[in-house]
Amino acid sequence: MSSTQAPVEPPKRRRIGVLTSGGDAPGMNGAVRAVVRMAIYSDCEAYAVFEGYEGLVHGGHMIRQLHWEDVRGWLSKGGTLIGSARSMAFRERAGRLKAAKNMVLRGIDALVVCGGDGSLTGADVFRSEWPGLLEELVKNGELTEEQIEPYKVLNIVGLVGSIDNDMSGTDATIGCYSSLTRICDAVDDVFDTAFSHQRGFVIEVMGRHCGWLALMSAISTGADWLFIPEMPPRDGWEDDMCSIITKNRKERGKRRTIVIVAEGAQDRSLNKISSSTVKDILTQRLGLDTRVTVLGHTQRGGPACAYDRWLSTLQGVEAVRAVLDMKPDSPSPVITIRENKIMRTPLVDAVQETKHVAKLIHDKDFEAAMRLRDAEFKEYHFAYRNTATPDHPKMILPQDKRMRIAIIHVGAPAGGMNQATRAAVGYCLTRGHTPLAIHNGFPGLCRHHDDQPVGSVREVKWLESDAWVNEGGSDIGTNRSLPSEDFETTAMCFEKYKFDALFVVGGFEAFTAVSQLRQARDKYPAFKIPMVVLPATISNNVPGTEYSLGSDTCLNTLIDFCDAIRQSASSSRRRVFVIETQGGKSGYIATTAGLAVGATAVYIPEEGIDIKMLSNDIDFLRENFARDKGANRAGKLILRNECASSTYTTQVIADIFKEEAKGRFESRSAVPGHFQQGGKPSPMDRIRALRMAVKCMLHLENYAGKSRDEIAADPMSAAVIGIKGSQVLFSAMGGEDGLEATETDWARRRPKTEFWLELQNYVNVLSGRASAGKPLWSCYESKHFPSCCRLYNTDLSIDIDPSALTSS
């Protein structure tokens, strides 16, 4: 089709355009890939608009059709491969007139725009003007009535791609967690030199007029002080900052000082607070050897983290579904996320609310600005302020409300355990509680509680826990042993050390431990105290939550491993790697990692493995490699959960593939093993650890002063904190409707309903495997869980033309 002459007849398939605009953000390529492949899967054609709105204005070769194989390998690439630009021409009506003409000439009547609030505002203006633009094009003689007839309605769907995370109505924007990862990596590296020389560092981070990056990096790195636009410091902040830093260094022995400054930081009179100003105050007033580090555009670069790959993929798929669902009078949606739930929000409302926040800040109504950011933002700010330093005299509780709170880790190590403990300790000290760490789990409690000179039950000091801010694993020690191994001694220790509450951090073993303690209350009154479980396991298999601490760290570690393996596979061209993942009898890690790395197939325990499945996948791989014809990035990855099959092990599958390939491709196996538990926790695990640990402490505080029988009678006195859909909730473990009875598959050590199962559909669809004889969801457990997913309410059974799918 000519770029200057539109056909009279509309194209046989609907054409969906996709563009990236404004500042680039990691994850944009994942969104484009998902839009392109979901469009093709849905029997549509996908067109990329290169260089953002500038490409729409210029048309011609800047609007090109993308095929299935064109977006192969894009998930691991940073930035945006279709380019981005801040178009001045598109801001003018004359530019939008050219853009409308170019879209009609290409037969495109739907546009998915990935960008910030400015880009999405431009998209909505474009849609509102669309009928008038077409009329003007006909009036000017540039197009005919016959040409514009099929394109009277323009559908716009927004994806928020921005490292700033400044869009209202969503918890996260595409790219924000990758940017946060860059910041945390940089500050973690600064720790060493700051500690060595007892220096102070003032770190300036991006974010424009939004303080999300600054706040989350302050939480993730344990910064001593923070400046964000939404909550400027009160007058006299210079004295407050110097007082806190002096106490942290001289009274508590902290050797390093970190201050995080958002680039839009200001005081309550809207005067800018620069990083150099803060540095001068620390140097002149405290005599502190201070350095300024401006991270700049390194925060935008590099590959997307696991969360941004996952988010961009699911939102890209949802954007295509939204296009196909839209009616002529439907408002333009923007695809958002609340906790773990993908949602559609009216684009106009989200943009207006975002602009309203900026106006409130300008009008000095900072409390209202904080409320409008989102519920999470204000909670995180509260949690940060109450854990960064224990100096909050107004927060101290009266003596009769103070508690002795025991903290224990149970299960395998997971990223975020230390950060949850640090947050709990910080909050306890702020409120006047006594935090007591039980070292080395229940065996440590029973066997070594009275060891000399140091027992396993020890009060935690602020400086000790502050050092855990970026440490992986478990500094107080963890294991899988349960209290049922010695109830007598466990109860005796509870009495001896006068535990008023128990905070348990861990995986399915932690859940089981609290269940056992709850059920033993009648025999052992010492267990009639409030107990709460904060799920922390890479397997993400704890009932009562859709997210466990450590799972994000594991995913990031695993995708780094897979990216390196894919490079090897692609360099050898015709090679398949079968990679074994951990996760026990839950396929969460394998499935979400498969989605994040673009795996060809994922084998999980919920589905099992049989010879027919392997035969279909061998045929699929053989056809894929035959079509590649020397194409680049031709390596394939298959992920297999360690418990997917006792017969078809990782090595056996690799050997079967190699044998059946008959020389057409090679196969290798790779087992990352305990490497998947990760090193330093990811920023997401760090910040969620803080928020959820503080919530747990608030929950335990509700029982202060109550009798043992009152506590035991309350089902919520033994609870699990978790993310369910778009909410953070506490769920009771006992009772007829409790987690133990209704949501726990004890035999398989996982929840009865696993929210992520529908992700397997997306892995198959986006790899092309769904057209290769493999049913979208053939798991035997689907009989038991026909509607297991509140998050991805998706029907993917669309009639497609198999020839539209080429290689994965």
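The chain as shown is numbered from 1 upward.
The backbone N, Cα and C atoms fix where each Cβ goes, glycine too.
What Swiss-Prot records for the ATP site is Arg86, Ser87, Gly116, Asp117, Gly118, Ser119, and among Gly17, Gly23, Gly200, Gly207 the residue it adds there is Gly23. Site annotation (Swiss-Prot, ligand substrate) includes Ser162, Ile163, Asp164, Arg199, Met206, Gly207, Arg208, Arg291, His297, Thr298, Gln299, Arg300; from Glu129, Glu135, Glu238, Glu263, the additional listed residue is Glu263. Mapped onto DSSP classes, the region 'Interdomain linker' (390-403) shows 6 helix, 0 strand, 8 coil. Computed over the region 'N-terminal catalytic PFK domain 1' (1-389), the whole-number mean pLDDT of the model equals 92. Taking each Cβ in turn and tallying the other Cβ atoms within 10 Å, the top scorer among the binding-site residues Gly23, Gly118 is Gly23. For the ATP site, whose annotated binding residues are Gly23, Arg86, Ser87, Gly116, Asp117, Gly118, Ser119, the maximal Cα to Cα separation is 14 Å. Local packing around the binding-site residues Arg480, His674 was summarised as the count of other Cβ atoms within 10 Å of each Cβ; on this measure the leading residue is Arg480. Highest local Cβ density among the binding-site residues Arg86, Arg291, Arg300 belongs to Arg300, counted as other Cβ atoms within 10 Å over all protein chains shown. Arg291 (substrate binding site) falls within a strand when secondary structure is assigned with DSSP.
Sequence-ordered, the extra residues of this chain that approach the ATP site, with Cβ no more than 8 Å from the Cβ center of Gly23, Arg86, Ser87, Gly116, Asp117, Gly118, Ser119, are Ser21, Gly22, Gly115, Gly122. Of all Cβ atoms in the shown protein chains, 27 besides its own fall within 10 Å of the Cβ of Ser539 (beta-D-fructose 2,6-bisphosphate binding site). Of the listed binding-site residues, namely Ser87, Ser119, Ser162, Thr298, Gln677, the sparsest Cβ surroundings within 10 Å are found at Thr298.
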